[in-house]
Every structure is written in structure tokens, then in C-alpha cells.
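Listed in Swiss-Prot:
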{"type": "BINDING", "residues": "HIS83, HIS182", "note": "heme b b562 binding site"}
{"type": "BINDING", "residues": "HIS97, HIS196", "note": "heme b b566 binding site"}
{"type": "BINDING", "residues": "HIS201", "note": "ubiquinone binding site"}
{"type": "TRANSMEM", "residues": "33-53", "note": "transmembrane segment"}
{"type": "TRANSMEM", "residues": "77-98", "note": "transmembrane segment"}
{"type": "TRANSMEM", "residues": "113-133", "note": "transmembrane segment"}
{"type": "TRANSMEM", "residues": "178-198", "note": "transmembrane segment"}
{"type": "TRANSMEM", "residues": "226-246", "note": "transmembrane segment"}
{"type": "TRANSMEM", "residues": "288-308", "note": "transmembrane segment"}
{"type": "TRANSMEM", "residues": "320-340", "note": "transmembrane segment"}
{"type": "TRANSMEM", "residues": "347-367", "note": "transmembrane segment"}
Amino acid sequence: MTNIRKTHPLAKIINNSLIDLPAPSNISAWWNFGSLLGVCLILQILTGLFLAMHYTSDTTTAFSSVTHICRDVHYGWIIRYMHANGASMFFICLFMHVGRGLYYGSYLFSETWNTGIILLFTVMATAFMGYVLPWGQMSFWGATVITNLLSAIPYIGADLVEWIWGGFSVDKATLTRFFAFHFIFPFIILALVMVHLLFLHETGSNNPSGIPSNSDKIPFHPYYTIKDIMGALLLILALATLVLFSPDLLGDPDNYTPANPLSTPPHIKPEWYFLFAYAILRSIPNKLGGVLALIFSILILAIIPLLHTSKQRGMMFRPLSQCLFWLLVADLLTLTWIGGQPVEYPFITIGQLASILYFMILLVLMPIAGIIENNLSKW
């Protein structure tokens, strides 16, 4: 009798995705981040569900309801901090996952890569809306500043902003709709993840060498299931350490003050994972230009496959490109630091230089390095 997991319509899908999936024999720990993102997503949906049971999306009670969760709900504090810090872990895994794709040339699977970019935008939108919900000072002013950026759109900008706000300022209507969207988006993300995996399984995984691995495949289970469980345990350990020892390490103290439309905080800044994009936005003195640079800083990923000049897929055997890649990582860390600094000398100049370098590396230097390396290899 044939095994049920190979015949049952539902079990067959799971089997072909997680058990009998042929996987390259040499994929490193950098390939763990996909499954870790799945763990993060499930964790966020579960903790978010329990938070939503006690949260109220009304401007008068939102802040108090979060306090109530932390003080009165059984283990409410750990659920709240797991959700808040889980978002940080989510973004750490996301950045590592995208970085892996850039380094090893995984972007040449264009459908998988493009669905990944859509996922990145959706996760960023979800995280932004979630940050508004506690209705602290930084929630309110962050929402005001970021939604206001849409007013830079010519002709329809001002109307668009009022339409999103549901009034003439960020108020009750805004909070309610942000809560509704924040609740539904993770399920949209879940559906997009299925599409992402569908496209990935059409081609199979890339591997560190960048050479097709069809001649050397191993079953996903038990080799990579055990490896993924190991990764998940390390992720949960890191998250637990963060939640139990320094839950407010990555947060903003301003968000412990209830939202007050009459008092602007001295430094408005988003969560740490948006700081690199925020720094790029701020480094351009023109409003529309800044907004375009902000969007393009993420959208640039979509044209990376078109800029691939090397005859090798990954950067494993390309020292010039490797240097540029790690320069890009250092540049992004610099931008993240600048995004959290006040708008004054020398931070403005550093931010502008780092922003120029970011676009230079991706649009100019990396394609040139690919051509140089081809010539060096006499190809």
C-alpha cells in the first residue's frame, strides 16, 4: 500500500514541500532564514491574536488597554513584549534573508525574488501600522510624519492624506483603520508566503556555489528539518533573552508617554528597522525627492536581476564583489545609526554620503565589478 502522505491530496502538498522535497546537499546556515521567518510569522500571528483580545482601538483607551495587558492580563506582559520584540527578530531575519539572496545571486529566480519584494513591502507596512497602535507619543507622531509624506504626491497628495487619516489629522478614525489593517495583513502575508514558496519549488533552491545542484540532491527530511528546528531553537533563545532581560532595549522611551497632539517630541524617529530608509528620506532636502528616494531604496531590489553582469551566479568566488557587498552592509549600518541621530552637522553630511554610496554600490559599482571579474577570469 502506498504511503498516505504521498496519496492524500492535502498531505501530498505538505510532503512535496517539507518532506520529500529534493534540496541541494550543500546549503549553509544562510538558507535557514526562510524557515525562521515562517516561525516569526506564526509567533506574531499567535501573540497578536491574544493581544487583540484585550486591546481597544479607541484614542481614549488604546494606551490604557496596553497598560492593562501588561499589568492585569495573565502573562500579558510577556505576550506584549514577545510581539514587540518578535517584530525586531522578524526584521533581523528578513534583512539576513535578503542579504543572502543578494550575496548568492538568488535574485535570478525572478518570480521568487519579486514576490519576496512584495512580501517585504507588506511586512514593513504591517510593522508601521502596529507601531501606531499603543498610541504613545512616538506612535502618534510617527503616524503623522509618515502618512504626511503622501502629501508630496503632486495634485492628489493632500486629499490622499486626509482620506487615509479619515479626517483632518491622525485621530480615532486613523487608529481604528490601522488596527483593522494590522489585523488582516499578516493573513495576506501568509497567502503571499505560499505564492513565494510555490515559485521557489518550481526551480528548487539555489546553493552557495551557484552551480546547478540537480545531480546532487538530498531529501529535505530529515536533513534540513532537523537543521531548521535547530535554527528555530536559537531564534527562540535569542527572542526569550531579549524579552526577559531587556524588553525595552529596541523600543523608544517616548512611547511610554500617552499621545499628545499638542506636544511634539524633540526627535521623531521610527523603529530601528526603518532607520536606514528614514536616513535616506531625510538626507534629501526636497520633500518629493526624499519620498522617491525612500521608496526606491527598497524598490531598487527589483532591478538587481537586470544589473547582474557576472558570468558566475553567487559571490562565493568573486572577491571584488564580496568587498562591495560588505561595504554595502557597513553602509546600511551607518544609515541605521544616522537615522536615529538629530538633524544637525555632521550627521546630515554623513547621511547624505551614506545615501549616495548605497545607490552607487547597487547601481554602478557592483555591475562594474562583475564585468572586471569576468575579464580577470579571461571569460
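Cβ coordinates are placed from backbone N, Cα and C, and glycine is handled just like the others.
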Neighbourhood of HIS83 (heme b b562 binding site), C-beta criterion under 8 angstroms, separation at least six: GLN44, THR47, GLY48, LEU51
Cβ-Cβ neighbours of HIS196 (heme b b566 binding site) (radius 10 Å): 21
Integer Cα-Cα distance in angstrom, HIS97 (heme b b566 binding site) to the residue listed as 'ubiquinone binding site': 17
Cβ contacts under 8 Å made by the transmembrane segment (226-246) with residues that lie 6+ beyond its boundaries: 29, 32-33, 35-36, 39-40, 43, 78, 81-82, 85-86, 88-89, 93
Number of Cβ atoms other than its own within 10 Å, given for HIS97 (heme b b566 binding site): 20
Winner by Cβ contact number (other Cβ atoms within 10 Å) across the binding-site residues HIS182, HIS201: HIS182
Spatial neighbours of the transmembrane segment (347-367) far in sequence, C-beta under 8 Å, 6+ residues away: 279-280, 282-284, 293, 296-297, 300, 304, 307-309, 321, 324-325, 327-328, 331-332, 334-335, 338-339, 341
Inter-residue Cα distance where the pair is HIS196 (heme b b566 binding site) and HIS182 (heme b b562 binding site), in Å: 21
Long-range neighbours of the transmembrane segment (288-308), counting only residues six or more past its ends (CB under 8 A): 98, 102, 105, 107-108, 110, 113-114, 117, 120-121, 124, 149-150, 152-154, 276-278, 280-282, 355, 358-359, 362-363, 366-367, 370
